[in-house]
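One structure below.
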Amino acid sequence: MSAENEKFPKQHIVGFLGSLVLTLAAAWAVVGSGLPTHWIIISIMVMAVVQAFIQLFMFMHLTEKNGSIQVGNMLHAFFIAAVIIAGSVWTMSFGFSHNHSDNGGGGEEMQMEEQEHNH
Amino acid sequence: MMDFLLNEFLVTGDPLIYGAMVSIVLVSIAIVFVLTYFRKWGYLWREWLTTVDHKKIGIMYIIAAIAMLFRGGVDAMLMRAQLTLPNTEFLNSQHYNEIFTTHGTIMIIFMAMPFLIGLMNFVVPLQIGARDVAFPFLNAVSFWSFAFGAMLFNLSFVIGGSPDAGWTNYAPLAGPNLNPGPAINYYLLGLQISGIGTLATGINFMVTILKMRAPGMTLMRMPIFTWSSLITSFIITFAFPILTVALALMTIDRIFGSQFFTLTGEGMPMMWANLFWLWGHPEVYIVILPAFGIFSEVISTFARKQLFGYKAMVWSMLLIAGLSFLVWVHHFFTMGAGAGVNSLFSVTTMLISVPTGVKIFNWLGTMYKGKIRFDTPMLWSLGFIPCFVIGGVTGVMLAMAAADYQYHNTYFLVAHFHNVLIAGTVFGCFAGLTFWYPKMFGHKMNEKLGKISFWFFVIGFNVCFLPMYFLGFMGMPRRTYAIEPEWMPLNVVSTVGAVLMAIGFIVFVYNIYYSFRYSEREKTGDTWDGRALEWATTTPVPFYNFATVPEITGPEAFWKMKQEGGTTYDKDNLEPIHMPSDSGVPFIMSAFMFVAGFGLVWEWMVVAIAGLIGILACMVVRSFDYDHGFHVSVEEIKETEEKAREGEK
C-alpha cells in the first residue's frame with residue numbers, strides 16, 4: 001500500500017499538464033487562431049472529448065475493476081448531462097428562432113418587433 | 001486613498017451598518033482577548049483548526065450554521081419590521097433589497113446545508129461502523145472552504161455593499177451594466193468557494209457510504225439517515241457542477257466582459273435562470289432529504305418501533321432524487337416557454353408529491369400502535385408532519401402552470417417555500433441536533449426549555465406564514481419593500497409570529513448554555529434506547545469511534561446487538577487502529593481561497609493571482625505529503641475503553 005503511494009505520481013502529472021495544455025489550446029483556438037468558425041467548433045469539441053478521456057482514465061479510476069458502481073455512475077452522469085443539455089435547448093429555444101417560424105408566443109412577439117423596426 | 005476607503009470600500013451612511021461594524025470590531029477584540037488570556041490559541045489550532053476528525057468537523061459545521069441562522073434571522077426580523085406598517089421608512093428600498101438577498105442566500109447556502117452536512121458528518125460514519133470518512137483531509141478542506149466562503153459573503157455588508165439581486169441573482173439585473181461594483185461579485189465568489197466544499201462533501205460521503213460500511217451491513221441494512229445521506233451525496237455531486245459553471249460564467253461576464261447572460265451580444269439572460277434552477281431544484285432536495293432521514297430515525301426511536309415501510313422509504317427517496325432533476329422549469333413557468341414545456345414540467349412536479357406522500361404515510365404507519373415518548377426531538381418531528389403537508393399541498397397548487405401565473409412572485413409563493421423549508425429543514429435540524437446532542441456533548445439538552453422553544457417556534461411559525469398565503473391572494477408581491485394599507489392587518493399578524501419564532505430561537509440557544517452548565521452528564525452511550533449503530537459507541541465517542549467493528553447481521557444493528565449482547569469493544573480481538581494525521585493545510589489553503597476570492601471581488605488581479613498561487617502551493621505540499629497517519633496501540637485502546645465504560649457497570 002505505502003510503497004505504491006510513494007511512487008512518483010507520473011500519471012497524474014501527465015494528466016494534469018495534458019488538461020492544462022488542451023484547455024489553453026482551446027482558448028487559443030477561439031481567441032487567437034483566426035480559423036473559420038466551424039473549424040474552431042470542431043477543434044474545441046475534439047479537444048473536449050480528448051480531455052474527458054484524460055479525466056476518466058488518469059484520474060477517475062475507470063480502469064479499476066469494480067463494475068456495477070462505475071457503470072451505474074456513468075449511466076447516471078450521461079442521463080443528467082442529456083437532461084441538462086436537451087432540456088435547456090428545448091426550454092430555451094423559445095423566442096430565439098432565427099428562421100421566423102412559429103415557435104410559441106415569444107417568437108411571434110419578436111417577429112412583430114422586427115417588423116416594427118423595418119417600418 | 002482615503003476617498004476610496006470611505007466612499008467605496010467601507011459601507012457608510014447607515015446607522016444600522018455602523019452598529020454592525022462596531023459590534024464586529026468589539027466581538028473580534030473580545031475573541032482575541034479571551035483566547036490570549038486563557039492561553040487557548042494552541043488548543044484552538046491543535047484541536048479544531050487542524051482536525052480531520054469527522055465528529056469535530058461536524059460540530060464546527062453546526063456551530064457555524066447556528067451563527068448563520070442568527071444572521072439570517074436578524075435579516076428576517078428587519079424585513080418584518082419594515083413590512084409591518086405601510087409607509088415605514090425603517091429601511092430604504094436598496095437596503096431592503098440587500099437584506100432579502102442575504103437572508104435567502106445565507107439561509108439556504110450557509111445555514112440549511114451546513115447544518116445538515118454537520119449532522120451527516122457526525123452521524124453517518126458512526127451509523128455505518130466506520131472510523132472516519134473516506135477522505136478525512138478532503139473533509140477538512142470542505143469545511144474550511146465553506147467557512148471562508150461564508151466569511152467572504154458576510155463581509156459584503158460592511159465592505160463594499162451586499163448583493164441585492166435576490167438569492168436567485170437573476171441576469172441581467174445582476175450583470176455588470178445594471179449592477180456595477182463589488183456587491184454581486186461577493187455573491188458569485190462566496191458561493192463558488194463554499195460550493196467547492198459542498199461538492200467535495202458529496203463525493204466524500206458517497207465513497208464513505210459505498211465503501212466503508214461495517215462487514216455484513218448491506219445497502220438494505222443501512223440506517224435510513226445513512227440512506228438519505230447517500231442519496232443526497234449523489235444529488236450534490238451531480239447538481240453542484242451546474243452551479244459552479246453558472247457562477248463561473250457570470251463571474252467572467254462581470255469581471256472580464258464576456259456576454260453569456262447579457263442583453264447585448266447574443267447573450268441569454270434567461271439562461272442564467274435556467275442553469276440556476278437546474279442546480280436550484282435539486283438543491284431543495286439536498287436540504288430536505290437528510291431532514292426526512294432525521295425524522296425517520298427520530299420517529300422510529302420514540303415510537304419504539306421499527307421504521308414502517310423501510311424499503312418504500314428508500315425507493316421513494318430514490319424516486320424523489322431522480323425527479324428532482326426533471327422539474328426545474330416550474331420556477332419560471334411565467335417565462336412563457338409555451339404549452340408543451342410548461343405542461344411537461346407541471347406533470348413532473350406533481351409526480352414528486354407521490355413518493356413524498358408515501359413517506360408521510362410511512363411515518364404515520366411507524367407511529368401507529370407505537371408507545372410514543374414525547375421528548376423534544378419527537379415533538380419537532382410531530383410538528384413537522386402537518387406543517388410540511390401544508391407546504392406540500394400548496395406546492396401542488398403552484399405546480400399547475402396555468403394557476404402559477406396567478407401565484408408567481410406573490411407572497412403565496414413566499415409562504416409555500418417557507419412552509420416546506422422551515423417545517424422540513426429547520427425542524428429537521430432542531431430534531432436532529434437535540435436527538436444526537438447527547439452523543440456529541442455528553443449531556444442532553446434540557447427538556448423543559450426544549451419544549452418551550454418548540455412551542456414558541458412552531459406556533460410562531462404558523463402565525464407568521466399562514467397569513468402570507470392570503471396576502472399572496474390579495475396581490476402582495478414578493479420582494480416589495482412597502483406595503484399597501486389594506487395588507488396591514490395580516491402583516492401585523494405575520495410580524496407577531498416572527499417575534500414568537502425569534503423567542504423560540506433565543507430559548508433554543510439559551511438551552512445550549514443552560515444544558516452545558518446544569519444538565520446531568522450521560523453515563524451510557526445509549527441515551528434514547530436507540531436502534532442504529534451510533535448508539536453502540538460510548539459517550540463521549542473515542543476519536544477512533546469503534547474499538548472493534550461489529551459484524552452486522554440484520555437491519556437495526558444496535559437493536560439486535562442489545563438483544564444478543566454484542567459490543568463494539570471485543571477485548572480479545574483488539575488490533576492497532578490506523579488513523580489519519582491532523583493537518584493545517586486545509587485551513588491555510590481555504591484562507592488562500594478567501595484571498596483569491598476577495599481579490600476577484602474587487603478586481604484586484606494582483607491579490608487574486610497571489611491567492612491562486614497560494615492555493616496551488618498548498619496543493620503541491622499536499623500532493624507530496626507522504627504522511628500515512630498513525631496507529632493507535634492496543635494498550636491505548638484498552639485504557640480508553642475501560643475508562644469510557646466505567647459508567648456502564
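Placement of Cβ uses the backbone N, Cα and C atoms for every residue, glycine included.
Heads up, TrEMBL stuff is auto-annotated, nobody curated it.
Listed features, source TrEMBL:
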TRANSMEM  B:16-38  transmembrane segment
DOMAIN    B:39-553  domain 'Cytochrome oxidase subunit I profile'
TRANSMEM  B:59-79  transmembrane segment
TRANSMEM  B:99-124  transmembrane segment
TRANSMEM  B:136-159  transmembrane segment
TRANSMEM  B:186-210  transmembrane segment
TRANSMEM  B:230-252  transmembrane segment
TRANSMEM  B:272-295  transmembrane segment
TRANSMEM  B:307-329  transmembrane segment
TRANSMEM  B:379-403  transmembrane segment
TRANSMEM  B:415-437  transmembrane segment
TRANSMEM  B:449-472  transmembrane segment
TRANSMEM  B:607-624  transmembrane segment
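Counting only same-chain residues 6+ beyond the ends of the transmembrane segment (B:379-403), those with a CB under 8 A from a CB of the stretch are 291, 294-295, 298-299, 302, 330, 333, 342-343, 345-346, 349-350, 353, 356-357, 360, 363-364, 412-413, 415-424, 427-428, 430-431, 434, 450-451, 454, 458, 461-462, 466, 469.
Between the transmembrane segment (B:230-252) and the transmembrane segment (B:307-329), the number of CB pairs under 8 angstroms, six or more residues apart, is three or more, so the stretches are in contact. Remark: the transmembrane segment (B:136-159) makes no contact with the transmembrane segment (B:449-472), by the rule of 3 or more CB pairs under 8 A. Remote same-chain residues near the transmembrane segment (B:607-624) are listed as 137, 585, 588-589, 591-600 (criterion: CB distance under 8 Å, separation of at least six residues from the stretch ends).
Tertiary proximity for the transmembrane segment (B:307-329) is limited to same-chain residues at least six positions away from its ends with a CB under 8 Å from its CB atoms, namely 220, 224, 227-228, 231, 234-235, 238-239, 274, 277-278, 280-282, 284-285, 289, 292, 296, 299-300, 337, 341-342, 344-345, 348-349, 351-352, 354-356, 358-359, 361-363, 365-366, 368, 555.
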